[in-house]
Amino acid sequence: MDPSHPFKDNTSCDRPALPPRLGSRSTLTAVPPAPVPPPAPPPTTTTDDYYGVTVPAEPPAVPQKGEKGPSGDFTGATVALQNAEWYWGKITRDEVKERLKDMPDGSFLIRDASSQKGEYTLTIRKDGSDKLIKIGHRNGKYGFTEPYTFSSVVELVNYFRKESLKQYNNVLDIKLQYPISRYNQEEDTTGVANESDVNKLVEQFLEVHDKYLKKSQKYNDMHDSYQRMEIEIDFKRQALEAFHEAISMFEDQIKLQEKLKTQAQPHEIKSLNENYDILNQRLGALNESKEKLENDIAMQNKEFQAFERDINYLKPEVLNLSRQKEKLHG
């Protein structure tokens, strides 16, 4: 791949250089064999392997100055990048990996790019792994591909909190949902590293432990409700399938009654009409019940999705408190 391209492959292509040619075939025997080149050093994580993205058909429609963006935040440089909770500055790729470990898909943070000053690296969790995307910078604008359209990194993040990254790569069908806050992480060590007062440490441990228990209980309760709701929705979907089968059966019976009426004797018409009316009434009742059940499923699906979002949002908090406990206990 061209090294000037801003997005690198996920795999390293470093290979040891071939030894120089030893001359023509006629002089080859007079030249001692070339020394075997040393093995290539093991790969390091000092550089970033960026995830491949392509230029979208149309650049993102960024709100103008003073307008509210999709997230409700004012766009532009109204909020300094240094104050953003998801901006971690100069941290290594390995540190990012540790911060995003066990985090749900959609978790993200931004750090300074290792390649060039003024550029940044977005790392987002997707399908259980970290995806790295370079944020380029030119003429006061930022973005993933040129032409860059965002006035600031903050504006870019606000936009993709509501819009999917799929426009750059079909695999990246995800939004920037769960920022990894550096403020929470800073609390892990602030006031502890140089703390000699054992009572203070115990007090901090008990405080964190109490928060952990409450958050864990809330998470477990929500997860139980989530599973119950999943079972209820599954039962309702099975009932909906039964309604569809029953409706199909009654529709077939009504068609049969209509056919029989065309072939019936005069004294049979009254009985056939009565049966026809009964079948239509029952079909109407079935359709009404089916529509009610469909509405119930649709509403419960919305609640189910809200539960899923809340659980995914709560999980990083529980994991962070667990890490704080381990550090204080150690």
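Cβ atoms here come from the backbone N, Cα and C positions, even for glycine.
Checking the ranges 59-100, 227-268, 269-310 against TrEMBL, the coiled coil annotation falls on 269-310.
Tertiary proximity for the coiled coil (269-310) is limited to same-chain residues at least six positions away from its ends with a CB under 8 Å from its CB atoms, namely 177, 222, 225-226, 229-230, 232-233, 236-237, 239-240, 243-244, 246-247, 250-251, 253-254, 257-258, 260-261. Residue counts for the domain 'SH2' (86-180) under DSSP, helix first, then strand, then coil, are 19 helix, 30 strand, 46 coil.
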